[in-house]
Structure formats: structure tokens, C-alpha cells
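Have a look at the structure below before the remarks.
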Amino acid sequence: MLLQILNIVGIAVFAASGALVGIRKDFDIWGIATVAVLTGVGGGILRDLLLGITPPASLENWVPVTTALIAALVTVIFHPSFALLRRTIVVLDAIGMGLFAATGASIAIDHHAHAFAATLIGMLAAIGGGVLRDVLANEIPLLLQPADLYAVPALVASAVVAVGRTYSELPSQVWVIAGLIVGALFRVVAFFLGWRLPMAPRGLGIRHTRTTPLDNDPERDEPA
């Protein structure tokens, strides 16, 4: 029961973050609803497909999509009261990421996945909706932005659940809540403190990355 509740909460939170992105991009109501729904249910659909659950739980009944639409409507109505949309999106996204990473890993364990596989599935479930949201908004996904730790908190959250449930006798709910808290806090703290992974050093060989066909392209602008 707890997993179902947390899954619905995760859908609502992710859908709200998707709606906020749509509002920031000046989408119309249909565009906002589309981004919100796909952000809300995208990660869960990916998780279920990886586990061989068909049809995906998010499409099996009306509750997930309806939840995403209601979350989008509430966001559209009340978004003027949200200060600093960017930070609000990050916080909501962190909560949704933690929820989907934790529940995704736990559901994978319930379907007899090994801890390693469950960790990866939880991470993919957590980042799937956010990647869809950013692609639809024509933005570089947070997953690929060097200034943001995104997949790492999701990986840590799902690992907490997968390893805990596999090697501990504690109730599954304990590990799901622990994974949620660890993942969400990790993501928020990393954002506000500017934590980032190291980048590859730029050597002489990185300065010239154009390939020969591109260099010979007559349509490419020549320097003045």
C-alpha cells in the first residue's frame, strides 16, 4: 500500500515540475498538460517495461494520468505564488526523483531482480520523466548538464533500497523511505552547494573537434 501511495505522490510531484517548465516556456494549456503527464508517468512506464510489466501500471487505470492532470491544473492556478520557478522545479524534481528511485528499486526487488539490476532500474525510473520533460521543453536534460548532479543522487537512492532490501531483514517500507530521503536531500544539497562531477581535462587534442566533412561543408559560415 505504501508503494502505491508513494508512486502516486511521485507522479504528482513530477507532473508539477513538468507543468512549471511548460509555464516557464510559455506553453499553452495543452502543451503544459502534455509535458506534465509525460513527466509524471514516463519514469514509471520505463520501469515497468524493463521489468516486463505490460501494460505498464500507469496506463492500466485512470488514476496515474488523472493525478498528473490534477497536479498540472493546481500548478497552473497557483504558480504565481511560487517564488523563483527554477528553484521550485529543482526541489519538486528532487522529491519526485527520490520517490521514483526508491519505489522503482523496491518494485524491481519484488519482481525478483538482483540488487544490481534493481539499482539500475530504480535510477532509470527516477530520471526517465525528467529527461522527457527537458527534451519536450527543448532543453539539455538535467542528466547531462555539468552543473547539476542528477543521476548520481538517483543511483544512490535506488542503491540504498536495493541493497537494504536484499541484505537486511528490516521492513521494505523502512528502506523505501530511507532511499527517498537520501536521494532527495542529496539532489537538493548538491544543487544549492554547486556540487558537480569532475570534467575531462581539455588537452590540445580537444581544441579541434570538427571532423573533416564538417570542415569542408560549403554552407558553414567562414570567419570574417
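For all residues, glycine too, the Cβ spot is worked out from N, Cα and C.
Since we're looking at a predicted model, the values are computed, not measured.
The domain 'Glycine transporter' annotation in TrEMBL covers 5-79 (among others). Assigned with DSSP, the residues of the domain 'Glycine transporter' (5-79) fall into helix, strand and coil as follows: 63 helix, 0 strand, 12 coil.
The transmembrane segment annotation in TrEMBL covers 6-23 (among others). Here the transmembrane segment (6-23) has long-range neighbours at 31-41, 43-44, 57-58, 63-64, 67-72, 74-76, 79, 82, 85, 88-89, 92-93, 95-96, 99-100, 102-103, 129-130, 133-134, 137, 139, 176, 180, meaning same-chain residues at least 6 beyond its ends whose C-beta is under 8 angstroms from one of its own.
What TrEMBL records for 30-50 (among others) is transmembrane segment.
Long-range contacts of the transmembrane segment (62-82) within the same chain, counting only residues at least 6 positions beyond its ends with a Cβ under 8 Å from a Cβ of the stretch, are 7-8, 11-16, 18-20, 22-23, 29, 32-33, 36-37, 39-41, 44, 88. Residues or ranges marked as transmembrane segment by TrEMBL: 62-82 (among others).
Taken from TrEMBL, the feature transmembrane segment covers 89-109 (among others).
Over the domain 'Glycine transporter' (91-163) the predicted model carries a mean pLDDT of 90. If you look up TrEMBL, you'll see 91-163 (among others) marked as domain 'Glycine transporter'.
Per TrEMBL, the feature transmembrane segment maps to 115-136 (among others).
The feature transmembrane segment is assigned by TrEMBL to 148-168 (among others).
Annotated transmembrane segment per TrEMBL: 174-195 (among others), in sequence order.
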(message) Using Cβ atoms and a strict cutoff of less than 8 Å, what residues sit near the transmembrane segment (115-136) while being 6 or more residues removed from its termini?
(response) 14, 17-18, 21, 34-35, 38-47, 50-51, 93, 96-98, 100-106, 108-109, 142-143, 150-151, 154-155, 157-159, 161-163, 165-167, 179, 183
(message) Quick test of the contact rule: Cβ under 8 Å, at least six residues beyond the ends. What residues does that give for the transmembrane segment (148-168)?
(response) 94, 97-98, 100-102, 104-106, 108-109, 114-116, 118-123, 125-127, 130, 141-142, 174-176, 178-180, 182-184, 186-187, 190-191, 195-197
(request) Report the DSSP secondary-structure composition of the domain 'Glycine transporter' (91-163) as helix, strand and coil residue counts. (result) 58 helix, 0 strand, 15 coil
